[in-house]
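Q: The structure follows.
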């Protein structure tokens, strides 16, 4: 039901009058809110947090020819990303204003993405996982190509080449696991999790899935599509990209690479931790040199995803819980920063930082929200990012798999990354809000944040502060599932 509702309701949009932009917009927001409320109600009353098994399952035979099931279910690993998806998609739809060109298609694509994202996080079937993974590509491509900036076609083409090309490896891996599993091919996660493979074959499967998830996460050097995409996309699309789509890659690493291919994961984890540490330093250093505001925030997303990689590959309770918390935390913070950059662009029509300055005097509310959420991004204590990164640090230090000196070295390198983060974020705030460029310019009167912008900003800020004060709420969703993953596949 939760997967089908948004896209089914989206088809009704084409019945609406062509010029009924306001009606279409509020109808889409209504569907998003109803979906979020229904999911919250179902999870609150019917989901058992202390049960690591799949719950709220739904299974129907779809294709008889090769025993393909429509199989959905929720566990502690997918619960957080699903609620994050509902929350961010609702706010992104509210933020998508003004959309005057092909409003019906725009809002249909938003609802189609909503269905695909919920479907992916709840899939319990490898082929269904792939179908939901692919369902994201066309909506994002069209949102980029039709409502992006001046170089939107270049960015959209680069996005589709990277993501569609990497999806081939995901499909090959899924088919390989399905046909190796038994005499009758099965795509069921539970069956595949109990299957053992020859080491060489498992490594090949692992590499295939890793390429697909490394592009979407992204992991360097497969990240170059992301800054271009963020630089040209409408800010509501950027909210979905930063808040949800990047998290699909990290989720796939845990759900498939870690759960289904545990031996290969233990082999590759040491190298991936090194890549994650390099990614934190590289992306933070590169972000400092970006003059385009949205590209600077995009590289900060790449840097923060490095902590997620380290947490996933630490093979420890604290590390994996920290990675899941980082997925949720950065989903909120990344979406908020792109929303605020978009609202700023709507007012000053500038994207390059060296052309800005003096916005604090002209737009004090935007300045306040931008400053608070930038501090959240640099892991200020009391914000969600602080606990996420801190728990990842503890995870790598307490990991039993690694020797002491490599752990100290990785911790030192990632600590340097946390020092570089304030440099590019505070520099961004200084260039945007301080000085006198816009203040002294002709016609230098700009509207400050209105009720819509304040509502979206505060709505995202509240969970960031709430998780920062009480991170146990997020940990309570995933801790039992994390223990099950690690006990079943590593410490048995």
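Cβ coordinates come from backbone N, Cα and C, glycine included.
Bear in mind that TrEMBL entries carry predicted annotations, made automatically and left uncurated.
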Q: Tell me which range among 6-25, 266-285 TrEMBL lists as transmembrane segment.
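A: It is 266-285 that TrEMBL annotates as transmembrane segment.
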Q: Quickly jot the same-chain residues contacting the transmembrane segment (68-93) by Cβ under 8 Å, restricted to those at least six beyond its ends, or write none.
A: 2-3, 25, 28-29, 32-33, 35-36, 39-40, 43, 47, 49, 52-62, 107, 110, 113-114, 117-119, 121-125, 127-128, 187-188, 236-237, 239-240, 243-244, 247, 251, 254-255, 324, 327-328, 331-332, 335, 339, 456, 459-460, 463, 474, 477-482, 485
Q: Determine which recorded stretch among 105-121, 266-285, 297-317, 366-396 has the most C-beta pairs below 8 angstroms with the transmembrane segment (127-147).
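A: By Cβ pairs under 8 Å, 105-121 leads among 105-121, 266-285, 297-317, 366-396.
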Q: Who are the chain neighbours of the transmembrane segment (26-48) in space, where the CB to CB distance is under 8 Å and they lie at least 6 residues beyond its ends?
A: 1-2, 5-6, 9-10, 12-13, 16, 55-56, 74, 79, 82-83, 86-87, 89-90, 93-94, 107, 110-111, 114, 118
Q: Quick test of the contact rule: Cβ under 8 Å, at least six residues beyond the ends. What residues does that give for the transmembrane segment (233-254)?
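A: Contacts of the transmembrane segment (233-254) (Cβ under 8 Å, skipping residues fewer than 6 from its ends): 77-78, 81, 84-85, 88-89, 91-93, 95-96, 99, 110, 113, 117, 120-121, 129, 133, 136, 140, 143-144, 147-149, 152, 155, 209-210, 212-219, 226, 294, 297-298, 301, 305, 308-309, 312, 320, 323-324, 327, 330-332, 334-335, 337-339, 341-343, 345, 485.
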Q: Does the transmembrane segment (266-285) make contact with the transmembrane segment (297-317) through 3 or more Cβ pairs under 8 Å, each pair 6 or more apart in sequence?
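A: Yes; at least 3 Cβ pairs under 8 Å.
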Q: Under an 8 Å Cβ to Cβ limit, what residues of the same chain, 6 or more beyond the ends of the transmembrane segment (105-121), are close to it?
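A: 2-7, 9-11, 13-14, 24-25, 27-28, 31-32, 35, 39, 72, 78, 81-82, 85-86, 89, 92-93, 96, 99, 128-129, 131-133, 135-136, 139-140, 142-143, 146-147, 236, 240, 244-245, 248, 251.
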